[in-house]
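Reviewing the structure listed below.
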Amino acid sequence: MLDKIGIPKRLAWGFLGVVLFMMGDGLEQGWLSPFLIENGLTVQQSASIFSIYGIALAIASWFSGVCLEAFGAKRTMFMGLLFYVIGTAAFIVFGFEQLNLPVMYVTYFVKGLGYPLFAYSFLTWVIYRTPQSKLSTAVGWFWIAYCLGMFVFGAWYSSYAIKAFGYLNTLWSSIFWVCLGAFFALFINKDRFEKKKRKRSETAEELLKGVTILFTNPRVLTGGIIRIINSIGTYGFPVFLPMHMAQHGISTNVWLQIWGTIFLGNIVFNLIFGIVGDKFGWKNTVIWFGGVGCGIFTVLLYYAPVFSGGSLAVVSVIGFIWGGLLAGYVPIGAIVPTVAGKDKGAAMSVLNLAAGLSAFVGPALAWLFIGLVGAQGVVWIFAALYLASAVLTKCIHIPEEKAVKEETSPQYAS
């Protein structure tokens with residue numbers, strides 16, 4: 001049954017493990033910033049914590065492939081688990097409870113090294129163990145598991161756990177969920193990953209190529225920039241948007257439910273825009289649905305509670321559409337490897353790095369500009385960047401799409 005819908009049966013427990021791990025990792029995303037601000041930190045200080053976390057994500061995303069080649073999938077995933085547990089426990093005990101900013105910087109950085117090593121190593125495992133004819137679907141299911149856990153279940157769980165356990169214990173419970181996820185992915189999952197034998201020089205050469213391609217192929221660099229812009233709202237909004245919503249009658253708990261609904265829309269439309277991209281064209285999909293669509297609805301999401309009097313229905317509908325339009329960037333995962341020619345592996349490294357950097361850039365923009373132009377100004381900056389990504393996409397020349405579509409796996413966009 002699972003094989004028929006594209007999930008490799010031998011790795012089914014691993015997919016469940018990714019859902020649970022990412023649920024634990026993402027459960028504080030929608031409420032940590034407003035909690036820290038309510039307890040004495042400034043918006044800029046809160047944003048700086050998330051920016052440093054984003055740097056850790058970028059580093060771990062970049063090196064996840066190299067670690068897998070050196071240590072194997074399960075060991076690399078276990079390393080990710082250790083980074084997460086140690087970083088989270090230290091963050092709570094020495095940073096969170098005492099609001100010690102320097103300690104929070106260090107410990108949240110360590111935590112940020114965790115999930116890329118865990119999740120992206122499993123993704124590589126899936127790629128190695130799935131027949132080519134079913135690879136695109138299997139990769140799609142991985143991203144569904146990833147988004148369901150991090151953005152949907154994590155937010156929904158927090159909206160109830162905070163009421164039942166309080167903020168501190170909810171954060172502690174994240175360790176339970178990531179350990180449960182690791183148990184399914186590493187122990188209940190009995191599949192064995194046999195990594196390809198490669199010389200150390202070959203691994204180093206591939207890593208270096210992931211840097212040099214940015215200079216030798218400007219189209220790959222442009223695609224990486226577009227991928228960063230794709231997720232600036234995903235990681236930037238949680239820094240300040242919950243406080244804006246609260247000013248208009250939408251509490252943090254209700255906001256968490258809205259945030260989960262937003263990314264439920266993202267998951268649904270990730271599937272839809274994969275099909276739309278094939279029919280409407282990769283570039284057209286990114287330009288009109290991703291760039292222009294996100295630019296418009298980013299602004300609407302900010303002003304929705306203002307003009308609707310805090311209407312939950314209005315904000316939820318606009319948020320659902322915004323989350324869906326983020327998926328308009330799905331074809332960038334096909335465009336970048338295509339324009340890279342033979343260097344598809346290096347192109348995927350660039351996309352992984354860009355996905356990690358977006359977790360830095362979004363909060364960093366809030367940190368830099370919220371004191372100058374306020375939350376409203378930051379939203380307009382986000383909108384302008386989304387529109388700029390449409391222009392950048394227009395400038396990328398790609399070969400005839402029909403000749404390469406069947407060779408390319410999707411990159412989910414959030």
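Cβ coordinates are placed from backbone N, Cα and C, and glycine is handled just like the others.
On a predicted model such as this, the values are computed, not experimentally measured, just so you know.
Record features, source Swiss-Prot:
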type	residues	note
TOPO_DOM	1-11	topological domain 'Cytoplasmic'
TRANSMEM	12-32	transmembrane segment
TOPO_DOM	33-47	topological domain 'Extracellular'
TRANSMEM	48-68	transmembrane segment
TOPO_DOM	69-75	topological domain 'Cytoplasmic'
TRANSMEM	76-96	transmembrane segment
TOPO_DOM	97-107	topological domain 'Extracellular'
TRANSMEM	108-128	transmembrane segment
TOPO_DOM	129-136	topological domain 'Cytoplasmic'
TRANSMEM	137-157	transmembrane segment
TOPO_DOM	158-167	topological domain 'Extracellular'
TRANSMEM	168-188	transmembrane segment
TOPO_DOM	189-219	topological domain 'Cytoplasmic'
TRANSMEM	220-240	transmembrane segment
TOPO_DOM	241-255	topological domain 'Extracellular'
TRANSMEM	256-276	transmembrane segment
TOPO_DOM	277-286	topological domain 'Cytoplasmic'
TRANSMEM	287-307	transmembrane segment
TOPO_DOM	308-316	topological domain 'Extracellular'
TRANSMEM	317-337	transmembrane segment
TOPO_DOM	338-343	topological domain 'Cytoplasmic'
TRANSMEM	344-364	transmembrane segment
TOPO_DOM	365-375	topological domain 'Extracellular'
TRANSMEM	376-398	transmembrane segment
TOPO_DOM	399-414	topological domain 'Cytoplasmic'
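Between the transmembrane segment (376-398) and the transmembrane segment (256-276), the number of CB pairs under 8 angstroms, six or more residues apart, is fewer than three, so the stretches are not in contact. Here the transmembrane segment (137-157) has long-range neighbours at 5-8, 15-16, 18-27, 29-30, 119, 122-123, 126-127, 130, 181, 234, 256-257, 259-260, 262-264, 266-267, 270-271, 274, 409-412, 414, meaning same-chain residues at least 6 beyond its ends whose C-beta is under 8 angstroms from one of its own.
Listed by sequence, the residues of this chain that lie at least six past the ends of the topological domain 'Extracellular' (33-47) yet keep a Cβ under 8 A from its Cβ atoms are 99, 101, 167, 238-240, 242-243, 246, 252, 363-364, 366-367, 370-371.
When each of 12-32, 108-128, 317-337 is checked for Cβ pairs under 8 Å to the transmembrane segment (48-68), 108-128 comes out on top. When each of the listed stretches 12-32, 76-96, 108-128, 256-276, 317-337 is scored by C-beta pairs under 8 angstroms to the transmembrane segment (168-188), 12-32 comes out highest. Long-range contacts of the topological domain 'Extracellular' (308-316) within its own chain (CB-CB distance under 8 A, at least 6 residues past either end) are made by residues 245, 248-250, 254, 258, 261, 301.
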